[in-house]
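> Below is the structure I would like to discuss, written out as structure tokens.
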Amino acid sequence: MEENFPRGGTRRIHKSEKTLQQSVEQDNLFDISTEEESTKRKKSQKGPAKIKKLKTEKRESSKSVKEKFEILNIESLCEGMRILGCVKEVNELELVISLPNGLRGFVQVTEICDAYTKKLSEQVAQEEPLKDLVSLPELFSPGMLVRCVVSSVGITERGKKSVKLSLNPKNVNEVLSAEALKPGMLLTGTVSSLEDHGYLVDIGVCGARAFLPLQKAQEYIRQKNKGAKLKVGQYLNCIIEEVKGNGGVVGLSIGHSDVSTAVATEEQNWTLNNLLPGLVVKAQVQKVTPVGLTLNFLSFFTGLVDFMHLDPKKAGTYFSNQTVRACVLCVHPRTRAVRLSLRPVFLQPGRSLARLSCQHLGAVLDEVPVQSFFSKAGATFRLKDGALAYAQLSHLSDSKNVFNAEAFKPGNTHKCRIIDYSQMDELALLSLRTSIIEAQYLRYHDIKPGALVKGTVLTIKPYGMLVKVGEQIRGLIPPMHLADIQMKNPEKKYHIGDEVKCRVLLCDPEAKKLMMTLKKTLIESKLPAITCYADAKPGLQTHGFILRVKDYGCIVKFYNDVQGLVPKHELSAEYVPDPERVFYAGQVVKVVVLNCEPSKERMLLSFKLLGDPKKEPPGHSQKKRRTVSLGQLVDVKILEKTKDGLEVAVLPHNIPAFLPTPHLSDHVANGPLLYHWLQAGDTLHRVLCLSQSEGHVLLCRKPALVSTVEGSQDPKSFAEIHPGMLLIGFVKSIKDYGVFVQFPSGLSGLAPKAIMSDKFVTSTSDHFVEGQTVVAKVTTVDEEKQRMLLSLRLSDCGLGDLATTSLLLLSQCLEERQGVRSLMSNRDSVLIQTLAEMTPGMVLDLEVQEVLEDGSVVFSEGPVPGLVLRASRYHRAGQEVEPGQKKKVVILNVDMLKLEVHVSLCHDLVNRKAKKLKKGSEYQAIVQHLEESFAVASLVETGHLAAFSLTSHLNDTFRFDSEKLQVGQGVSLTLKTTEPGVTGFLLAVEGPPAKRTVRQTRKDSETVDEDEEADPALVVGAVKKHTLSIGDMVTGTVKSIKPTHVVVTLDDGIIGCIHASHILDEVPVGTSPTAKLKVGKTVTARVIGGRDMKTFRFLPISHPRFIRTIPELSVRPSELEKDGCTALNTHSVSPLEKIKQYQAGQTLICFLKKYNVVKKWLEVEIAPDIRGRIPLLLTSLSFKVLKHPDKKFRIGQALKATVVGPDSSKAFLCLSLIGPHKLEKGEVAMGRVVKVTPKEGLTVSFPFGKIGRVSVFHVSDSYTETPLEDFIPQKVVRCYVLSTTGHVLTLSLRSSRTNPETKSKITDPEINSIQDIQEGQLLRGYVKSVQPHGVLFGLGPSVVGLARYPHVSQYSPSKKALYNRYLPEGKLLTAKVLSLNRQQNLLELSFLPGDTGKPDVFPASLGLPLLKQEEREMESEEKECKGEEEKEKKNQKRKGKRNQEGQEEVQLPGKEKSEPQKPQAKKQGKRRRRESASEQERGDKKQKKAAPSEEDDSGVEVYYREGEDEVEEMSVLPKEKPTRPAEVPRLQLSSGFIWDVGLDSLTPALPPRGESSDSEEDDRPQQSTQKKSRKERMLEKQKAEKELSRIEDALMDPGRQPESAHDFDRLLLSSPNSSILWLQYMAFHLQATEIEKARAVAERALKTISFREEQEKLNVWVALLNLENMYGSQESLTKVFERAVQYNEPLKVFLHLADIYTKSEKFQEAGELYNRMLKRFRQEKAVWIKYGAFLLRRGQAGASHRVMQRALECLPNKEHVDVIAKFAQLEFQLGDVERAKAIFENTLSTYPKRTDVWSIYIDMTIKHGSQKEVRDIFERVIHLSLAPKRMKFFFKRYLDYEKQHGTEKDVQAVKAKALEYVEAKSSVLED
């Protein structure tokens, strides 16, 4: 009764149960369910004491017992043995069976049953699958128990033994005869055929037919077979229901209840011959031994149960004659030995094993103790959790030869690995083999697709490379995957035995198939890998490789056979007509998932990336997040415009960057246009980061480059580039020999002149401009030198169909111009807005203002002042027009830079015909207007305007004159659109040039060579013939004045020209000679030449075309007086020869024509036919002038210049305004930075191609940590030439060199050789590198010294890596020169604080051990002995000195020696005491020398005295001695205070205030060999005293920033409750990435801060939450959060954590937290409002609205109005303004008198609404009937609003309304 119905409380536990329970608790390594616990089965071995009682009196020797119970091994299996097994794995052609005692065997597909084998043969014969034949995986499932017979034990190729089994009932049940069959017997059989009323079952008994009726099978079909009919070959456990005809016919049942309770009985007449495994029998325990039991069953038979097969729950409780149920495991055919199992799982036949593996498979375990050893089978081990594990003999050692049985005595421990799990024994199987323990992967199952694995190359075959990954694991790398590009000879790169790092593409454990890739991009990719379709979320970016390229797109494959399609329209931002030409199979690409249907295994991808990938995980420091990575697409905000482009800030972190003008567009002409109209404050989207050096970010907005990067089609390294690739880039620089092209990833190549164009190239700069977008074809790649050659020929770089590209370029160009229009329409100016609205094709009615002399017509501006509309002479179309006349015109184009509108009066254009146009048809057209990149033509048939691109390719920019189109020329166009879009044009493509027709009425006004900006006034006069000859005097009237010439109208309407150089004899520098003449003034001049309008050459008078030239005149007084005159040299001399008359160094007067912004030079004219250029850098030595040359130089101004030399490429003179440009030693010149090499210096270019280098040591007179930070390419610098040896100049930027007159302070003197250095000098420099014997330290461009490790730091770090971390290359340090050898150029330095007075190179916070004196000497001695013979002499002297020191050290009292820790232990206390030291304490220190205090016993006293003596002895040594610092401290503190030296040798720890740091004299050792006099010593002592007090004052300075952990500790002593201080302390540790220390500080803070200071404590909790969020794990964050909630107001902590999640963009976690808060704090309105705001910020407006509804349901009524108002405010700020208004209106209609709501509504509307809306609300409010006090408030607000936003009239109106209200109120009161 008591057991069934226990009372309250706990029941007493039986002793045996107790032991059992304890073992249950321990066993958790494999988390085995209690039913199948594996620990307790060994209790029989654990407690021999209990068993002793049960043992029979006859004792056998334990050896024979053990032999008798020896567990099964492969040797003990023999052919014909029947054995029970469990299906472990099911493959297509075989089953893997787990056998008892950790063995396993295999069943071939032909060993299932005869019927199944027959079906297989049929299928093979037919060569096509049979419908009713199912595969093995459908017939068998892992865990099924099966009866097998061993058919053979063979040996595999690798020498391993393998057990072959058969399940065929014919073999298993062969021992039964038909007569032996009895009802109730449990047999196994397989279905051999389906009949009408049931199934024929093959039970393998000769002469017996077994039948299974349908109704007997129904229950099984329904429960176990999911309702499906039984299949041929299906394996069944059957009970014999009836036997007819002496066993001839047998009826079967497979019902679960019948089968599971079947027991073999004596009545069934089982014998040892026919006993089958799997039978359940009743048995008696005969004998109990430590290793198993013997049982008696079926009356006569005996069997064994080994310890593995005892019931785990009853282990240790068996006793003799106990009745048990057992299952037969196996019967040996020869010895008839029967093995049984008592495990409960085998006692219900037909039941599958539930537990198929253990969770720790693959785990490596240390120190596992041996439980017992079986000489023929293996050993058992006891795991940590008490469970038993087993290792087979072959796995106990690496080979038989090294096996030692002694090592496996019980209790010995071994390192092993769990390699498998035996289902039959429910045991883990172990291996002790080293190769297995060290293997990365054990089984194919362990390898997951996408994983990185290391392997060894086995062999290279045509089908790929075989790689060994593990003991039994091999993988294949197909040829396509050997590299990012196709490899022709992989054997050159990979050799057998090489270790390679691969990424798994596919792993099929069943088929044992492993495919891997060696593509570098895939291996190194940081993007998430897609290993199943479910991973592919829309928007995800990842790397894949192209499997196939089809005409409809690319098929991209990822890991695990997942693949997707990139349709044609998603291949690129530009249309790709023929994907097979652009992409290739095997190419690695970056894609973005558009959508995915996992159920259909379909995925759509795009190469057009949507934006940057997911934010990097938190854990990267804040700084990291603030950089822009190369190739990233960003949004930028324009800050300001500079001369060369836009200064922008990269959002969201406002990182400064630069976007050059040429990079605004792919179209050369659109760059300046966009630049002109973009304003500061505008935002540009999807801008590409091109490069980033020294914090200088260069951006690009070229659509072609952006789409290339998005599609991941730009190679990242030279390894990915191979000849034949087409790449899109931009022209980086133009040289005479070719063009350098750069690509988005920063790689660049050269396009030589020969393959730059299909046309003949005279000058490279005629063909391309810097910054232009180009397509380049790689011709050769030199990977070693990292160089490549490119072709820019159109024939090589075709992008498919020319017409398509041409149309694409045109539409892109017009689209950008349309963008400019929208920018213009946002401007305030009426003129600009009008221009923005004017589109080509518009017909206007205009009034003629005037007709100019060149025949063009200007129209009046109408209502828009400043509007310029003009029609050229050609577009006047021969009409007679007069001023004031009204005319209809059509707009041809709007010049958005000059703000002019080009119109045409042409009748055909104004009156267009309405005729239907066909798309794709060819039409004749006439060119009406030419722009740089497109032309406008009118269709002859209809008069419609069509635009067509002048280029059909990005590289197609050069035209010979004969190829250039002219206005009025006829062209053939193919229309691509039939309706003018927003641009006003039809889009068209020009037909072949052969179809062009020449313009019929060629008007002379148009014959202007495009390059020369010809003066229109000159052009028109060229028509008239004249009869003038050189030397004639003429008179005329000044018509117009240009900067460098004056146009004069002579008699008969002939136009002449006077050049600025021919106006005055003496031209004062800085004046404009042309300004002397006024328009309308009559002048007398002499003809000095005639200029041909076509060639712009001056023709000789004998030339037949002279009469058609423009006369060149002179009004110089000197020329008018003389009879003769100096005619221009006209004998067709080439301009180049004319220039040669000028010598370098000659000075001359020139006239400024214009400033060329692009080329950065001033264009000047010296004479009418001689032109020159002044490079910007040669105009001035002042940065101010160079920044704004336009302010200094006026156009037309006379300048005095020096000839530098002719410009070879063009007929120009090169001039300079700053004297002869000689870059000789000692000269100062202006240069431009072209390259910044980190840690080394700058490369500077000068005009005419000279290059110079600046070392970091010459950048400034004072070194800084980041010397090159302020330098960016193109920055102008003032340089001093140090030397001109070699082809590269050596320069200095030090202001002491470039501006010697300023006498600036030189903090760091120049050190150009070892001669500039004195011993003992303190110098600053930069760390070069960390070497095995010390640190190399640069003191000058060519001077490097060595600081040996003992002289680097007073600490001795255990890890040398710390040196690399704290002494990176380029670190600025101060060093003291210890010794120098000028002959051998050897310099020895010290960084020790005792020498330099600077803090140690390692921060004290690292807590490193100090380097002891002896160690330092030892170490330095060892280092010096290493093969440095040249220092032998020095060493001799040094050793002498060392011996003296050594003797002194021996004399130290024993006490000090035995307690070396003592001074260190006091370090902390002493430091604190020193840091807050007062005068009195200083006094104490003096006394200490005389008499030590109690706590500091004599050890320290000797310390001091010894220090003094040592110093004195040192000063006696002669000067030549290497000056190693004598005062090497034994105990040193972070700020440089040294305890063990006399005050006289104390070096200042902080730099002296008034003195410069290089007063070397103080530091030099005493020259004299005399001992110091007493007076000197006293003086030094006083000096040191003063120094000490100064140090202490510095430490007490309240403004001093803490620099170490100790500083913080000191500050915290004075203000322990300051959370700010604690947080700074945490930040200090985080900067050094010491996360644990930061955590510890936080915990200290929480303990230290007073409990009353709640807010201060909360601050620390929030900081700790932040820390865990960034650097910790989810668990650590949760723990901190739970603690924070306990100690603070929970709501505050919840809200802070939500903010932290939101800021770090963990939106999912934030959402979950808010939902928790809503449950816990549902009465807090703050939570609802916060959550609403969070959702709105995430753009989830609908969810936010639902939150408001829920809030109103939960909160009390009095809160409703506030909540609604708050949500409305949020809507105003973050959501939909209209909805916000609706909420307010709703609320106010219900609560009209809530003035607070009115007030908020007004505020919000003022911020977000229009003036009209604001006034409407005010009008409504002032008509409410509220208390006068409230009305006064609203009137006052209304008045303030109008004062700020309205006119005087509005203000008066409000006052009138207020008055009206007051009067109305008072009249009511009177009534």
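From the backbone N, Cα and C atoms, a Cβ is placed for every residue, glycine too.
Okay, so TrEMBL annotates it like this:
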type	residues	note
REGION	1-58	region 'Disordered'
COMPBIAS	40-56	compositional bias 'Basic residues'
DOMAIN	80-168	domain 'S1 motif'
DOMAIN	184-255	domain 'S1 motif'
DOMAIN	278-343	domain 'S1 motif'
DOMAIN	362-433	domain 'S1 motif'
DOMAIN	450-519	domain 'S1 motif'
DOMAIN	539-608	domain 'S1 motif'
DOMAIN	631-702	domain 'S1 motif'
DOMAIN	724-793	domain 'S1 motif'
DOMAIN	1031-1102	domain 'S1 motif'
DOMAIN	1145-1218	domain 'S1 motif'
DOMAIN	1226-1294	domain 'S1 motif'
DOMAIN	1320-1392	domain 'S1 motif'
REGION	1412-1531	region 'Disordered'
COMPBIAS	1423-1433	compositional bias 'Basic and acidic residues'
COMPBIAS	1464-1474	compositional bias 'Basic residues'
COMPBIAS	1475-1484	compositional bias 'Basic and acidic residues'
REGION	1544-1586	region 'Disordered'
COMPBIAS	1576-1586	compositional bias 'Basic and acidic residues'
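Map these features onto the structure and tell me what's around them.
Secondary structure counts, DSSP: the domain 'S1 motif' (80-168) has 23 helix, 36 strand, 30 coil.
Taking DSSP states H, G and I as helix and E and B as strand, the domain 'S1 motif' (362-433) has 10 helix, 36 strand, 26 coil.
When the domain 'S1 motif' (539-608) is classified with DSSP, helix, strand and coil residues number 7 helix, 35 strand, 28 coil.
Taken as a whole, the domain 'S1 motif' (1145-1218) shows an average pLDDT of 78 in this prediction.
Sorting each residue of the domain 'S1 motif' (1226-1294) by its DSSP state yields 6 helix, 32 strand, 31 coil.
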> May I ask you to check whether the domain 'S1 motif' (631-702) and the domain 'S1 motif' (1226-1294) make contact, with contact taken as at least three Cβ pairs under 8 Å and only pairs 6 or more apart in sequence counted?
yes
> I'd like the per-state residue tally for the compositional bias 'Basic and acidic residues' (1576-1586) from DSSP, helix first, then strand, then coil.
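The counts are 11 helix, 0 strand, 0 coil.
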> Which stretch from 450-519, 724-793, 1031-1102, 1145-1218, 1226-1294 shares the most C-beta pairs under 8 Å with the domain 'S1 motif' (539-608)?
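The stretch with the most contacts is 450-519.
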> Could you give the number of helix, strand and coil residues in the domain 'S1 motif' (184-255) as assigned by DSSP?
11 helix, 34 strand, 27 coil
> Between the domain 'S1 motif' (1145-1218) and the stretches 362-433, 1031-1102, 1226-1294, work out which stretch tops the count of Cβ pairs under 8 Å.
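Looking only at 362-433, 1031-1102, 1226-1294, the most contacts with the domain 'S1 motif' (1145-1218) come from 1031-1102.
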> In the domain 'S1 motif' (631-702), how many residues does DSSP put in helix, strand and coil?
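Taking the domain 'S1 motif' (631-702) as a whole: 12 helix, 37 strand, 23 coil.
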> Could you give me three numbers for the domain 'S1 motif' (724-793), the DSSP helix, strand and coil residue counts?
7 helix, 35 strand, 28 coil
